[in-house]
């Protein structure tokens, strides 16, 4: 599977008469829980302070999200 | 049963990158007098209406779905490439938070579509007069949306849809005449 990249890309139809500058690639996010059918025992763990900060004890379930096109400021998408 | 033709009833061209208008077009998508309301209203009322006008409700209800597709295409073209910031500037910030750039059946103020928008009173005259009123309200809504944009290509599609409302209202008024005439005739069952 795509272990390095948590997003999947797809290529929407781009018409010859699109009113706005088209996006050629769109992507959606696949969280790590989708890739683990049933969580195995004894997975590696974060340190406890780190786990409290990140929201999960297990790196395998850690799926961070960054703002896509930064709302305020630059306009790079993904 | 329906047969689907994979093309629009009338070509939709949007030439101005103006996502602001998408918010107003949504009124005809999931609003009280929008195309979804119209299609569901007619296709539901037809079961309890005299035989002579069932076909009319079927035909017009079906055409309303064709109109729904056109409206969806307009909205989609205007929003598919918009960034979150552009969505917010277009007044579609709440839409983005709930639906990303997806379409949804709500009105221009964001109120979700409800079956309370449509009626089936079982009385043929009451139902047909509601249908006439719905067509006139949709025609007026198209006029006000046309007023809100200066994109002549978008206006062209909207003007077609507006004209269809006039024709539909005429057909419903004729159906009322058929119903009225039918009342005086003797029938053997």
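Including glycine, each Cβ sits where the backbone N, Cα and C put it.
Taken residue by residue with DSSP, residue B:67 (Mn(2+) binding site) is part of a helix. Per TrEMBL, the feature Mn(2+) binding site maps to B:35, B:64, B:67, B:135, B:168.
Cβ-based neighbour count (10 Å, all protein chains) for residue B:59 (Ca(2+) binding site) stands at 14. Residues annotated as Ca(2+) binding site in TrEMBL: B:59.
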For residue B:67 (Mn(2+) binding site), list the number of other Cβ atoms lying within 10 Å of its Cβ atom.
26
Excluding near sequence neighbours, so keeping only residues 6 or more apart in the same chain, what lies with its CB under 8 A of residue B:35 (Mn(2+) binding site)?
B:28, B:29, B:64, B:65, B:67, B:68, B:71, B:138
Any idea what the Cα distance is from residue B:168 (Mn(2+) binding site) over to residue B:59 (Ca(2+) binding site), rounded to a whole Å?
10
